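Chemist: Have a look at the structure that comes next, please.
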Amino acid sequence: MGSSRFPKRYLIVFLTFICTSVCYIERVGFSIAYTAAADAAGVNQTSKGVILSTFYYGYACSQVPGGWAAQKIGGRRVLLLSFLLWSLTCAFVPLDPNRTMVLVIARLLVGVAQGFIFPSIHTVLAQWVPPHERSRSVSFTTSGMYLGAATGMLMLPSLVKYKGPQSVFLAEAALGAMWSLLWFSYAVDPPRSEHPKATASGFGESLLPMKGSSKMKVENGVHSAKNPTIPWKRIVMSLPVWAIVVNNFTFHYALYVLMNWLPTYFELGLEISLQEMGSSKMMPYLNMFIFSNIGGVLADHLVTRRILSITKTRKLLNTVGFIVASLALMALPYFRTSGGALFCSSVALGFLALGRAGFAVNHMDIAPRYAGIIMGVSNTAGTLAGIVGVDLTGRLLEAAKDAQLDLTSPESWTAVFSIPGLLCIFSSFVFLALSTGERIFD
């Protein structure tokens with residue numbers, strides 16, 4: 001798979017890393033651009049919450065279909081089509097907070113398109129990446145989300161200031177088009193001839209889509225046709241799958257609340273302009289990038305050196321990440337300086353990213369053949385967390401204003417950050433009790 005110096009799978013992993021970076025530049029960019037436009041137009045917090053959460057309705061609808069499509073026609077093709085769809089939507093939609101229906105439809109379309117991306121990525125990685133490289137490959141790929149978010153937080157407020165909110169949409173569309181061209185030019189399916197042990201190791205040709213809705217099974221060196229069936233009932237009834245689902249929900253609840261409302265917290269809660277914060281505002285997401293890769297390398301080290309089993313490794317990193325993150329989240333509203341708030345949010349997001357070396361890789365441990373499907377199921381839960389969390393936060397803040405609380409007071413934000421903090425504690429115990437690192441789906 002590629003040259004001995006630089007195997008082809010490394011290029012695939014790098015391109016998926018760039019993919020997640022661009023996706024999160026788009027998500028952070030919309031939050032920044034829309035917040036600026038909505039505040040200028042006098043839009044209230046509840047209405048902002050509705051628009052910011054609309055993306056996740058579309059995102060939720062396409063997770064499981066995304067996993068199914070990637071399984072049937074190939075993650076490489078699905079990834080390209082979904083990227084082109086959201087890029088074109090950003091290119092042609094006007095950012096006008098008074099045209100609510102246009103924004104709702106646009107965000108639904110972008111959400112649907114991006115919902116296909118992560119199940120497709122995990123299907124591609126399950127095809128290309130051998131088991132002993134999975135933790136660091138998945139962690140590196142997903143760390144692109146955080147580098148993208150950090151880049152967006154650093155660059156886009158200035159773009160809004162000097163070129164206006166609409167310029168963010170055009171910049172995002174251009175990035176999407178460039179990545180699509182790279183993926184079209186360099187991404188390929190893994191050649192079957194170079195995967196003689198694919199079925200035994202749980203990656204490679206056994207996961208590739210085949211004509212006539214059939215796959216090839218390798219038995220004693222002989223290829224035989226096999227009709228693929230997705231064990232939906234076993235997936236839904238599996239406790240280890242539910243452990244992944246619960247932790248995915250919690251991770252994305254905390255991430256999406258911070259991603260969508262941290263700019264508002266700095267602007268209204270601390271009365272600090274994002275432009276005045278300079279490069280420091282990117283630290284929470286840069287910390288996620290760093291800790292995500294630390295988690296992946298550490299997990300593979302513990303497994304390959306046989307220091308811990310896969311099960312114990314996943315549980316250790318998941319528990320440490322989520323417990324530390326919970327403490328930082330609940331402390332966040334009581335730090336009343338930009339430095340204190342950045343510290344808490346950086347610790348919270350950094351250790352949440354560390355925890356991804358637990359739950360976020362686990363679907364490839366328990367079901368490498370159905371990695372895209374289970375990723376779609378668990379990411380649906382994560383998307384529901386975005387719908388609930390982002391919208392609920394807007395309502396909590398509006399309720400605080402109705403109760404005559406100033407949004408600069410810690411009390412207005414306590415519930416906002418305590419809810420994800422408590423969810424982290426609950427989810428860590430669920431993962432300890434129900435998860436496994438053993439393969440349970442053939």
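Along the chain as shown, the residues are counted starting at 1.
Glycine residues also receive a Cβ, built from the backbone N, Cα and C atoms like all the rest.
Caution: TrEMBL annotation is automatic and unverified by curators.
Reproduced below are the annotations present in TrEMBL:
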- 12-439: domain 'Major facilitator superfamily (MFS) profile' (DOMAIN)
- 50-70: transmembrane segment (TRANSMEM)
- 77-95: transmembrane segment (TRANSMEM)
- 101-125: transmembrane segment (TRANSMEM)
- 137-156: transmembrane segment (TRANSMEM)
- 168-188: transmembrane segment (TRANSMEM)
- 241-262: transmembrane segment (TRANSMEM)
- 282-304: transmembrane segment (TRANSMEM)
- 316-334: transmembrane segment (TRANSMEM)
- 340-359: transmembrane segment (TRANSMEM)
- 371-392: transmembrane segment (TRANSMEM)
- 412-434: transmembrane segment (TRANSMEM)
Chemist: Flag the pair the transmembrane segment (340-359) / the transmembrane segment (50-70) as in contact if three or more Cβ pairs fall under 8 Å (sequence separation 6 or more).
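Modeler: Contact between the transmembrane segment (50-70) and the transmembrane segment (340-359): absent, because fewer than 3 Cβ pairs are under 8 Å.
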Chemist: Per the 3+ Cβ pairs under 8 Å rule, pairs at least 6 apart in sequence, do the transmembrane segment (137-156) and the transmembrane segment (282-304) touch?
Modeler: yes
Chemist: Using a Cβ cut-off of under 8 Å, list the residues of the same chain at least 6 residues beyond the transmembrane segment (371-392) that approach it.
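Modeler: Those are 49-50, 52-53, 55-57, 59-60, 63-68, 70-71, 75, 115, 118-120, 122-123, 125-126, 207, 230, 235, 241, 244-246, 248-254, 256-257, 260-261, 363-364, 419-420, in sequence order.
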Chemist: Within the same chain, where does the transmembrane segment (241-262) have neighbours whose Cβ lies under 8 angstroms from its own Cβ atoms, ignoring anything closer than 6 residues to its ends? I mean 6 or more beyond.
Modeler: 27-28, 31, 52-53, 56, 149, 235, 284, 318, 322, 325, 329, 345, 348-349, 352, 355-356, 358-360, 362-363, 366-367, 374, 377-379, 381-386, 388-390, 393, 416-417, 419-421, 423-424, 426-428, 430-431, 433-435
Chemist: Would the transmembrane segment (316-334) count as touching the transmembrane segment (168-188), if touching means at least three Cβ pairs under 8 Å and pairs must be 6 or more apart in sequence?
Modeler: no
